[in-house]
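Trainee: Pasting the relevant annotations from TrEMBL:
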type: ACT_SITE; residues: H90; note: active site, tele-phosphohistidine intermediate
type: ACT_SITE; residues: E193; note: active site, proton donor/acceptor
type: BINDING; residues: 89-96, 102-103, R139, 193-196, K204, 220-221, 264-265; note: substrate binding site
type: SITE; residues: H263; note: site 'Transition state stabilizer'
Amino acid sequence: RSRMAACTSQHALISVKPPRASASFGSDRRAGNVRFVSATSCCPGSRKLGLVCASNSQSSVIEPAKLPSSPESGSTPKKSSEAALILIRHGESLWNEKNLFTGCVDVPLTPKGVNEAIEAGKRICNIPVDVIYTSSLIRAQMTAMLAMMQHRRKKVPIIVHKESERAHQWSQVYSEETKKQSIPVITAWQLNERMYGELQGLNKQETADLFGKDQVHEWRRSYDIPPPNGESLEMCAERAVSYFKEQIIPQLVSGKHVMIAAHGNSLRSIIMHLDKLTSQEVISLELSTGIPMLYIFKEGKFIRRGSPAGPSEAGVYAYTKVRVFSIF
């Protein structure tokens, strides 16, 4: 209560509204930086009044670019009002724990990673999600599933199988009511972690001892220098950002709220694109495992909200930094 009072003493109270199925996030229509939202909690049968605070001290606006054409229709989709984009790096994996280069090797989460995914889900439990994208790797898929189990809407995430005609046919759902209670999960190798080539499976410290600390640091943190027979961050960004533009932006344009559960380097690539980072800025960008980031897509622009705060009580979340970027 003391935090809420302090915040309201500095900003104008704008509105008190019940939640809607298509929630409005961070709209600039209000005169101040604070508003209350009434949100159904993660626990059934209760409702809390949550305070949403945002700082405009780091805001920047870029003129909206031309919207991309729909990959199916070839026409420019109709602009939506607002849509949420949630980015989550997977929780700790078994090879993270062992300090091994993982890359595209498919290893699951540790118990700590499971807990990180659950906590990430609690942070986003009041933010609408209509479609989920993950990489083809199990640690990202586990993170997406565990996170959505915490969501207040209790919709069931269902992996969409299109790897073959038979897989597609056999996984069809024939109940319209069931479809309404489901969230499609689309897996894409383009969102995979950077392929570390001949470093995969090697211990990071032992590799530094063998090849030299500077050489390993160059492989890991340079933008355009790949490890032996592997990918550079630039190569990873090329596939991840292309997929994001072609497949995910049209979903946001159509008004759908999207969650992406992926990896450190594929998400750094997308954030580089969204935040207009230089190649030097992106190599110093660190993403914590299991901490979601929130962007709002509105009128052809992305507004970064930082990370939703972990609710101290059910139904409360907050925004942090506010920055605005065009989609190109």
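Backbone N, Cα and C atoms are what each Cβ position is placed from, and that goes for glycine too.
Automatic, uncurated: that is what TrEMBL annotation is.
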Trainee: Residues with Cβ closer than 8 Å to the Cβ of E193 (active site, proton donor/acceptor), same chain and 6+ apart in sequence?
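Mentor: Looking at Cβ-Cβ distances below 8 Å from E193 (active site, proton donor/acceptor), excluding near sequence neighbours, one finds T102, G103, C104, S135, L137, C236, A262, H263, G264, N265, S266.
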Trainee: Would you find the one among the recorded positions R89, H90, R194, K204, H263 whose Cβ has the most company, meaning other Cβ atoms within 10 Å?
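Mentor: The residue with the most neighbouring Cβ atoms within 10 Å is H90.
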Trainee: Whole-number Å distance between the CA of R194 (substrate binding site) and the CA of H90 (active site, tele-phosphohistidine intermediate)?
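Mentor: Here the two Cα atoms lie 14 Å apart.
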Trainee: Which residues in the same chain, at least 6 apart in sequence, have a Cβ under 8 Å from the Cβ of W95 (substrate binding site)?
Mentor: F101, T102, V105, V107, G201
Trainee: Hey, how far is the residue listed as 'active site, tele-phosphohistidine intermediate' from K204 (substrate binding site), Cα to Cα, in Å?
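Mentor: It is 19 Å, counting Cα to Cα.
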Trainee: Determine the minimum-neighbour residue: among G103, G264, listed as binding-site residues, which Cβ has the fewest other Cβ atoms within 10 angstroms?
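Mentor: Taking G103, G264 as the binding-site residues, the minimal 10 Å Cβ count falls on G264.
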Trainee: Around E92 (substrate binding site), how many other C-beta atoms are within 10 angstroms of its C-beta?
Mentor: 19
